[in-house]
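Colleague: Sharing the features that TrEMBL gives for it:
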type	residues	note
DOMAIN	32-244	domain 'Radical SAM core'
BINDING	C46, C50, C53	[4Fe-4S] cluster binding site
Amino acid sequence: MSDTLADNKTTAAPPSDGLAVLESRRSAAETFGIPLAVLAEVTHRCPLQCPYCSNPVELDRGSTELTTDEWKKVLGELAELGVLQIHFSGGEPTARKDIVELVQHATDVGLYSNLITSAVLLTKDKLSALADAGLSHVQISFQGNEPVVADRVAGLKDAHRKKLEVARWTRELELPLTVNAVMHRQNLHQLPNIIQMAVDLDADRLEVANVQYYGWALKNRAALMPTIEQIEETSRIVEEAQARLKGTLAIDYVVPDYYALRPKKCMGGWGRQFFNISPAGKVLPCHAAESITGLEFESVRSNHSIAWIWQNSEAFNRYRGTGWMPEPCKSCEFREVDFGGCRCQAFALTGDAGNTDPACSLSPRHEEIFKQAEREAAAHQDRFIYRNFAGGTLETDDRQDERQDKRNGA
Ligand code: SF4
Ligand code: FES
């Protein structure tokens with residue numbers, strides 16, 4: 001999942017759909033401390049095997065997933081709490097047979113729903129049923145703008161063609177569409193064509209989402225890390241497209257952490273604006289929080305309400321606000337701007353989630369990770385470790401040969 005809402009800007013323009021309504025009211029979340037939007041990872045099952053998946057390396061098995069009734073109870077509780085929007089995500093949320101029933105229940109309790117999907121399991125009838133159930137928005141992930149690169153990254157044949165088909169059905173059903181393009185060294189050369197693809201698909205929004213390096217992406221960092229030259233070129237392409245397509249396509253873009261000077265305000269700050277619920281029902285401050293060892297996360301199956309977990313649980317309070325911060329964050333003028341960056345990245349790179357995110361140029365580790373990124377990007381180690389329940393599978397030489405053959409037109 002991307003941190004879309006965390007990165008989106010409040011706009012003064014009249015809201016055109018449910019998502020825009022929420023964005024325009026975002027400051028309410030900061031005032032009242034109630035999360036406006038929640039990410040429901042209803043399953044980790046997925047037909048794709050993306051090497052940068054934001055799910056934990058240790059995936060929740062189908063047998064541990066919340067039941068339909070448990071999810072319905074959660075949705076009701078969220079609506080009572082004051083949450084306005086639910087993102088149905090995964091894994092692949094449509095791998096659940098009850099996804100239409102869950103969307104219908106979200107509608108019944110007054111939640112806007114967004115489907116974050118790989119699209120490959122959707123039929124036109126299923127999408128139509130979701131629209132009838134009140135689905136407000138569809139976000140489809142793309143791995144490239146054509147099948148050779150896209151299907152290889154996804155680890156699934158024919159995935160790209162299917163995604164294009166579902167994107168067209170989405171607009172035929174008059175549902176707002178976001179194209180989510182996760183970018184890295186092996187597909188950044190396609191960015192101009194991906195932007196054009198989003199225009200051709202009549203998408204409302206394009207997220208140019210540089211890979212965030214934790215979980216599966218950390219395992220695959222050497223195969224994904226872009227070069228500094230690619231990032232400079234990307235920034236130029238995005239800026240030009242944002243100006244040219246103003247009013248046609250909104251484009252979100254964040255510089256990848258390893259090449260940034262200041263870290264991103266991850267999740268809008270730990271425990272400030274958003275939370276996630278994992279397939280097995282854990283309530284998490286972010287999608288990667290389980291990668292931080294030593295933190296205990298409460299479950300919706302416990303005796304505590306979600307409101308109690310949000311307000312009182314140790315995991316949410318550990319890094320909330322600024323009181324936990326070490327130097328240089330503690331006395332930094334940006335401490336309430338970025339809240340010290342990303343806890344998961346700090347843990348992944350320093351072994352302590354309580355350290356300053358090394359993406360920050362003031363972190364004592366910044367120089368080291370910047371150099372590491374440059375080294376890895378230059379090494380051309382291109383083989384992926386594909387995401388799966390077995391802990392990952394290394395891309396075979398056959399797949400690499402096949403890719404070369406296709407490039408050569410064989
Ligand atoms: Fe943000 Fe901390 Fe860096 Fe200051 S020192 S910019 S608060 S991460
Ligand atoms: Fe940034 Fe977890 S992904 S805090």
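Placement of Cβ uses the backbone N, Cα and C atoms for every residue, glycine included.
Help me picture where these features are in the structure shown.
Modeller: A sphere of 10 angstroms centred on the C-beta of C46 ([4Fe-4S] cluster binding site) encloses 25 other C-beta atoms. In this structure, C46 ([4Fe-4S] cluster binding site) belongs to neither helix nor strand by DSSP; it is coil.
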Colleague: Let's check the environment of C50 ([4Fe-4S] cluster binding site): how many other CB atoms sit within 10 Å of its CB?
Modeller: 24
Colleague: Would you mind giving the whole-number mean pLDDT across the domain 'Radical SAM core' (32-244)?
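Modeller: A mean pLDDT of 95 is what the predicted model shows over the domain 'Radical SAM core' (32-244).
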